[in-house]
């Protein structure tokens, strides 16, 4: 099983990043409550495409746990039954996880595809963990890291349900994002352990400290970014999408901290880049980190000064996630010495 492990693990890592992208698109389009229940979507494995499918109908066959919208509330079928000519409340129970009862076909399918991507990533992560048993006798770290990933994926799925039940509570969304990055880090550790590569590099203590500082700053930035995004969402609800040019006229202190720390990330990365050029054996990952920081900074500038053009916010988050992955991979390489 060892020979299949690296390919399976890399595929799983790519899929996890695709889930991060999908999650960013869900946030950008406001589709987080597109499926108000979990793991099904309005009680369906394949969600509805029309509001008519969710309205109570006479002489209609309903299956247990199927969901309808009635009087701006969600109701769940208590059993399999066929309705009569009038609504019978004994055949239904109110959905009590929350009181959100809005159907938007676009939002529903965006969220549904996000869940499908998560399910696919979960399956491949499980296959990766199964393949990791081939390392058990020779390198237990690979197996341990792999099964920790499986546990984290399960936790992430459970947390995703809690996000829905809380009607997109900002703290839960932030934790959801953090766990996604933790999954990336654990997977990178597993892949690195399986490769058994030793990287030649200079033992520069200051370089390592600045790198650790930069990855710490990146994590803080991602967390702050979710808070800024929440502020933007709240402003949009009050002002509307046609007022995007004034969304950041009076931002919170979080925005200013986020903007200031971005300069620290940039300067620390520039230091790493310049220092790396002086090494006899240069670290290629530093070049990719520098590139990711540049694109991350540019996307942030575009968001701020061009007033949130389409897809700019998910792109900003994706670059941040990629940057974190690159930084963490470099940390692993330097620790190996």
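From the backbone N, Cα and C atoms, a Cβ is placed for every residue, glycine too.
Features reported for this protein in TrEMBL:
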type	residues	note
TRANSMEM	12-30	transmembrane segment
TRANSMEM	116-135	transmembrane segment
TRANSMEM	142-161	transmembrane segment
TRANSMEM	173-194	transmembrane segment
TRANSMEM	206-224	transmembrane segment
TRANSMEM	253-274	transmembrane segment
TRANSMEM	286-308	transmembrane segment
TRANSMEM	314-335	transmembrane segment
Beyond the flanks of the transmembrane segment (206-224) by at least 6 residues, Cβ under 8 Å: 174, 177-178, 181, 254, 257-258, 261-262, 264-265, 268-269, 271-272, 275-276, 317, 320-321, 323-324, 327-328, 330-331, 334
Segment proximity, the transmembrane segment (12-30) to the transmembrane segment (173-194), 3 or more C-beta pairs under 8 Å: yes
Whether the transmembrane segment (12-30) meets the transmembrane segment (253-274): three or more C-beta pairs under 8 angstroms: no
